[in-house]
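The transmembrane segment annotation in TrEMBL covers B:20-40, B:46-71, B:83-102, B:108-137, B:149-167, B:194-213, B:242-264, B:276-305, B:312-331.
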Amino acid sequence: MSDAILSLKNVATDIAQYHILHDVSFDVPRGKVTMLLGRNGAGKTTTLRTVMGLWAARAGQVMFNGEDIAAQPPARIARKGLAIVPEDMGIFGDLTVQENMALAAVSGPIAADRLELIFTAFPPLKTFWDMPAGNLSGGQKQMLAVARAMAEDRQLYLIDEPSKGLAPAIVSTLVWAMKSLKGAGASILMVEQNFAMARALGDYAAVMDDGRIVWTGTMDELANDTALQENLMGLSMEVA
Amino acid sequence: MSQAPDHAPTMQRLNLVQRITPFVPALLVPLIALLGLLFIPSGSSWLTLTVSGLAMGMMIFIMAAGLTLIFGLMDVINFGHGAFISVGAFVGVTVLLLVPGMTAAPSVGLNLVAVGLAVIAAMLATGVMGVVFERVIVRPVYGAHLKQILITVGGLIVIEQLIHVFWGPDEIFLTRPETLKGAITFAGAALEKYRLLAVGVGLVVFLAMRHVLRHTKLGLIVRAGVENGEMVQALGYDIKRVFVLVFVAGSALAGLGGVMWALYQEVITAHMGGQMLILVFIVIIIGGLGSVEGCFIGALMVGLLQNYTAFLVPKLALVSNIGLMMLILMWRPQGMIPVVKAK
Ligand SMILES: Nc1ncnc2c1ncn2[C@@H]1O[C@H](COP(=O)(O)OP(=O)(O)OP(=O)(O)O)[C@@H](O)[C@H]1O
Ligand SMILES: [Mg+2]
């Protein structure tokens, strides 16, 4: 692909003595949403964590804007313009919602209009602004995790299963939030099991299995080809 | 645009127990004081002992506050912390002995300047030591508790021996500056002036730490880092640098605690810090590892209990604190104010 914001080249990652990622190569096109799909345990989360520097790649390159960030510490990677919404959400439960948001805004207080936008999308965050985030419900924590990534402009968002445990009404809010990120010019690499959401958001897709990329292409191709889905992921995803 | 539904919480009145629960740890301090009042026959002795217990608690808190954050933030067990207490005491006392004119003068101002100089020198020395200690001794053993214990105990012993080299093997006696000697009488009880000062300094240190932790970005990073250091890094903060800062600040506080303890005991030895470590560890364990507020409450409880039992049954003073630790851990295995760790 000509303009990839992120490009993994033959990335291999070990966790302790286990080889988890074997030879992962794919591109994330700039300004687009790329869905990372695959069975449970395929290595999707590990891939996102490797990009963020939370696991160290044993081999290969992670090219971000043309620079290999594979050996860099996570804080430095974040400062280059990446943000992660981790699978476990990474909420600071002892801190208030407000403090969680304040931390997410690395370079200064959150702009008022941005905060307004976040509150409009996720009203519970406003309601519980001064409460310890640990008291939020699971779905509200997920909202906070996404809102945190939205606190500042980032170039690339790594988002791990944001719809997990969310009611359908909120999933649509999430879709809207992602679209607004994309609309602002950001690129997104997202793991998502909810196919309606994947379909609604994805421009491109990469499918993993057993620590390898087994297919890449456009979301439309994948969505329209049930046989391919069966073949790649062992399930066919009903097109909503 | 779609919106996530907002469920306005319907507030229900909490019952008494629910309302009190968050304050239970803090309420244990007056509870211990009340228990003391029950057992100690005279009110004036009780007041004297209470002030003395609070003073001791404050000093233990100052020594322990850094250590609890050092553990909370990077999971580092540092027995070398005791060395900072001793070095702080020796440096501070050396400064005090250098300015006999100021300490002997019957002037509050001059006395406080002398103590201030001693404190600054001690904190500078232990702060610098902290930088070196973190770099040379702690950094190579991140994540390995057994190695941390072995190598930091080694560091403690080496520094104690270095104190012998620089200051000689004998204990050094000192007297408090003129105006900090003696006691005032309040409600028939003799309250030593120095202990009152120590209570004041301890309170100031606690409130300052609380302010930094609650109301500054650095404080937020530290609190978040105690919970989930990985996420703090993923947000873009270099937690190792923050840790070095905390380590150095904690070391300097230990130095301050050392000077204060020296003036309290009026004698210093190279081993004083190592000996204090027992109480320091009890305090941070019952407080909840990583919790400055828990550490503060725990220190006051330990200080009070230590003084009451030393008065009533001298032989049980330390045992009583170990008993207190066991009771608290049976009630809350993670300490009074447990820090929720990610994973
Ligand atoms: N901390 C760890 N230690 C050991 N193995 C791990 C660890 N984390 C993940 N793995 C293993 O790595 C493999 C890939 O895990 P990963 O979390 O990346 O899968 P995933 O594709 O995100 O799955 P899911 O859809 O269930 O979230 C799994 O086999 C898992 O057991
Ligand atoms: Mg996963």
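The backbone N, Cα and C atoms fix where each Cβ goes, glycine too.
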Contact yes or no, the transmembrane segment (B:276-305) and the transmembrane segment (B:20-40), 3+ Cβ pairs under 8 Å, gap 6+: yes
Contact set, same chain, for the transmembrane segment (B:83-102): CB under 8 Å, 6 or more residues outside the stretch: 63, 110-111, 113-115, 117-119, 121-123, 125-126, 129-130, 133, 155-156, 159-160, 163, 166-167, 172, 174, 177, 251, 254-259, 261-262, 268-274, 276
Touch test for the transmembrane segment (B:242-264) and the transmembrane segment (B:46-71), at least 3 Cβ pairs under 8 Å: yes
Segment proximity, the transmembrane segment (B:46-71) to the transmembrane segment (B:108-137), 3 or more C-beta pairs under 8 Å: no
Candidate ranges B:20-40, B:46-71, B:149-167 - greatest C-beta contact count to the transmembrane segment (B:194-213) (under 8 angstroms): B:46-71
